[in-house]
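Undergrad: The structure is given below, and queries will be raised subsequently.
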Amino acid sequence: MAYQARGRDPLFDSNMQAAIEKRGKELLGLGLIALGLMVSAMIYSYSPEDPSWLSSTDAPVQNWMGHLGASIAAPLFMIVGMGSWGLAVILLAWGLRFTLHRGDERAAGSLVFAPIWIALAAIYGAGLPVPGGWPHSFGLGGLFGDMMMGSLINLSPFSPETSLNLISLVLGFVIVGFGAFILGFTRSELTLIARFLVVGVIMVYATFMALLGRGASGAVHAAQAMQSRQAERRDAARRQAEETAAFEAEMMGQVPAAPARSQPLVQRAAQPEYETDLAFADPAPEPDMPEAAPKGGFLARMPKLVKRAPQAQPLPEPELYSPQPLAPVAEAPADDRIRAKIADAVKSRVRTAPMVNVPAPAVKSAAAPMYVEEPHPAHSVRSEPPLRAPSAQPMVAAPAVAAPSTLPPVPEMAAAPAVTNFTHVDDDDFGQIDEYARADDDDQMDDSVIAFDDDEDDDYDDYDYAAPAARIAVEPAKPKKVVQTPVRKPTQLSRRAQAEAQPQLRFEEPASEYDLPPLALLMDPAQIERHHLSEEALEENARMLEAVLDDYGVKGEIVSVRPGPVVTMYELEPAPGLKASRVIGLADDIARSMSALSARVSTVPGRSVIGIELPNANREMVALREILGARDYGDGKHKLPLALGKDIGGEAVIANLAKMPHLLIAGTTGSGKSVAINTMILSLLYKLTPDDCRLIMIDPKMLELSVYDGIPHLLSPVVTDPKKAVVALKWVVAEMEERYRKMSKMGVRNIDGYNSRVEDALGRGEMFSRTVQTGFDEETGDPIFETEEFEPKKMPYIVVIVDEMADLMMVAGKEIEACIQRLAQMARASGIHLIMATQRPSVDVITGTIKANFPTRISFQVTSKIDSRTILGEMGAEQLLGMGDMLYMAGGAKITRCHGPFVSDEEVEEIVNHLKAFGPPEYVGGVVDGPDEEKEASIDAVLGLGGNTDGEDALYDQAVAIVLKDRKCSTSYIQRKLAIGYNKAARLVEQMEDQGVVSAANHVGKREILVPEQ
């Protein structure tokens, strides 16, 4: 039987479908235009200093599109360079076409070839010369363009220059034509564009010529008017001169004669010695050198890629002095003596006296001597010139007259004075020399180098030194500045700190249930004395550290010095092939050689340098008020902020305990561990109310945390008994399980989602309701549902603080470890977090289980490298300074050195008294008293600490059945039958003995079955 399908009417008619399709294309076009503008902004604002997945840096992002734009622009520029602009052009062009409905049907056939067009643009960009500010080693076409251009040049039979020009010419035409096809232009559109361009050029040319004609006409009229005015002035002056001459002739009774020229010029020309105007001699003509490729060109940038490129001949270095004819002179100092003098000068850190370059008068004739010799003593004492000349006035370095012969250059010493028997020059010349000297007063130095030349070689034997070669005084290159003065920005205060800093007029004290403690209770950071080392002292320490490292065979250079409030980090750039572990192992030797208390050496993450941290002579105290008043703490979004201190550069370090999610602290006595715990507790008290955060403090030492007893944030009194500490931890585990059940009923994933649901319900005045199945109908078999309602109540964060974990592990190690493991693995989502501290970071206290569940750790000063490896996994904590100096390891294993803030006992007591004024805390009885037996057994079963679970009860029943059936009972027999371990089988046998199923073992180890056979 055949069925005939009836055609259904379409949902929309053809007109509606066409309208929807048209609007969709317009939306697509607008989206492409927006994407093209974003890509253009991303490419235009690209900076190689931005952090991306190719490079890691702390510099702020300069890209207009943020981190995402920087991460996309970096690989684009590296691969295709400026060819990435083709992507923006394609997006904008096709966005306009889809928006205007012009040729959008040709998109699929054209955009397929878009990558080829971008690749051709990259190859064309590789042949263009790079601009002066281009920051990369590759050209404008990226790595792909350079590679392809080099391959094409190698395949070409012509010379590299000809091949480059020919390929660029061909690619230019191909890109223009192919680009028109890619962008969807048709012949009619190209014709229209060409006509528009021609008409535009003609109109611009006509306008330009009209404006040029007007300007030329105005200029002609102005020139004619000026010429007429000048002619009138010349006629008036000539008439006045004729009248004056006629009047003088009448008065003197003689005919006026032609005026004679004055004679000073003639007399002046008769003096051929030298000109009074100081001028440099004309430079010698440069030798003809082969013209090399331009510096920014492709051939100069890729000499190894282009195999047939000729090797560019290096240009000769310009000569700094002209060799002079020398007569027999005194013997120059030996090379060994010069090297010894230089070494002594470097060790004594004597700064080189800079030269003063003063232009000399140009010599007009060699016949007149440049100087008048001074009388010399009868016996001239020959001595070496000192390494540092005394202070002298700047003098002239005169150029040479002739250079018929040359001698090997004499090695120069640092800041050595030249010939002191200088010439005598006329007063006029000295006046002009003084004018040049005064022009350089701003750059005047302490010492000067004097260099004169002599035209006569007869008296050279009477001088103390060799004949001076006339040379240009070159200023020595300044050493590279490695000291980076930290630009410490003023701490940006939070809104709360700014409000407390301003005076307030209180007419009536506001009544409130709870107020956060004011910052005025803490020490004012303005009272702290600040110490700053000078740049000269830091530079000297850097050079001394280089010398110390060189003594131990470590080659490298100190490239940066970063002073901080407590330590100063010297960044060492090691020589190629030097292992970082070799430098790290020299930490004790570096500290001894630098006369420092300790030295910490470690690699700097993300950089190729090694950081050497040396303590400052005067360390600064870090105030807690300065960190709590910062904007990152007060106005930040941290749920549980912890003020850890300041880093090496003096910036505040604030961590979020909710993200850690647990913290493990280790440090010896006196390292600042207890003060750090106090600062962490105060960080929570200054930020959170008792409704937001509750605390459980466990202090087996009974001294450190007892001061907080009675504050409203506590869930129980401060626990000092180790046995009660186990009970408290078990209560926390039970609370965690209860919170998970509540969140499961609400269908949320964490405590934040639950609290937001509670706030919404309380705002609407509603109750939480949940529909659950309670059974089945006996008659119909349908399920029966009931609605369960419960009151919405906000769950606060719970922070458990354990001051000394080693004492707890000694009393109940297995139970403590089980509770900590359970909480560390599951308590994050329920809002329960642990802060645990110990002064004995050994492997029996910080076990592998605890380390695996505490990824965030803080280590203060420890006694040995083994303890440092135990807590951090690497060395370095043994080199800390104590008194709050710490190493903070976040979850990603990145270690940061911080300096913890100091808070005194008096400050803690004032804050506690302020909190106690709001009433007694609301304690929860079960925290210390413990739950009932049934609940405790379930908790022990969850922790695996004993108690029978349903699985164990079933296993016991199977064991009893086997014993009653086979009438045999032994540990090994039960182990074989049930395929369980020996310990569990022995426990089942003991349980059967306790319940009277079997008897105790006799002298041979056999047990009797007490239950009769059935």
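Glycine too: its Cβ is placed from the backbone N, Cα and C atoms.
Since this is a predicted model, take the numbers as computed values, not measurements.
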Undergrad: Looking at 477-505, 738-766, which stretch does TrEMBL describe as region 'Disordered'?
TA: 477-505
Undergrad: If we call contact 3 or more Cβ pairs under 8 Å (sequence gap 6 or more), are the transmembrane segment (164-185) and the transmembrane segment (27-47) touching?
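TA: Judged by the Cβ rule, the two regions do not touch, with the required three close pairs absent.
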Undergrad: For the binding-site residues T668, T669, S671, which Cβ has the most other Cβ atoms within 10 Å, all shown protein chains included?
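TA: Its Cβ has the most other Cβ atoms within 10 Å: S671.
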Undergrad: Give residue numbers and ranges for long-range contacts of the transmembrane segment (67-96): same chain, 6 or more residues beyond its ends, CB-CB under 8 A.
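TA: Sequence-remote neighbours of the transmembrane segment (67-96) are 29-43, 45-48, 50-55, 61, 102, 104, 107, 111, 114, 117-119, 121-122, 125-126, 136, 138-145, 179, 182-184.
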Undergrad: Any idea what the model's mean pLDDT is for the domain 'FtsK' (650-869)?
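TA: Mean pLDDT for the domain 'FtsK' (650-869): 87.
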Undergrad: List, by number or range, the same-chain residues at least 6 past the transmembrane segment (27-47) whose CB is under 8 A from its CB atoms?
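TA: Answer is 62-65, 69-70, 72-74, 76-77, 84-85, 87-92, 94-100, 104.
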Undergrad: Output, ordered by sequence, the same-chain residues six or more apart from S674 (ATP binding site) with a CB under 8 Å from its CB, or 'none'.
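TA: Listed in sequence order: E704, D803, A837.
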Undergrad: Within 8 Å of the Cβ centroid of the ATP site residues G667, T668, T669, G670, S671, G672, K673, S674, which other residues of the same chain have their Cβ?
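TA: The answer, listed by sequence position, is Q839, F860, Q861, G882.
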Undergrad: Going by a 10 angstroms cut-off between Cβ atoms, which of the binding-site residues G667, G670, G672 has the sparsest surroundings?
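TA: Each of the binding-site residues G667, G670, G672 was scored; lowest Cβ tally within 10 Å is G670.
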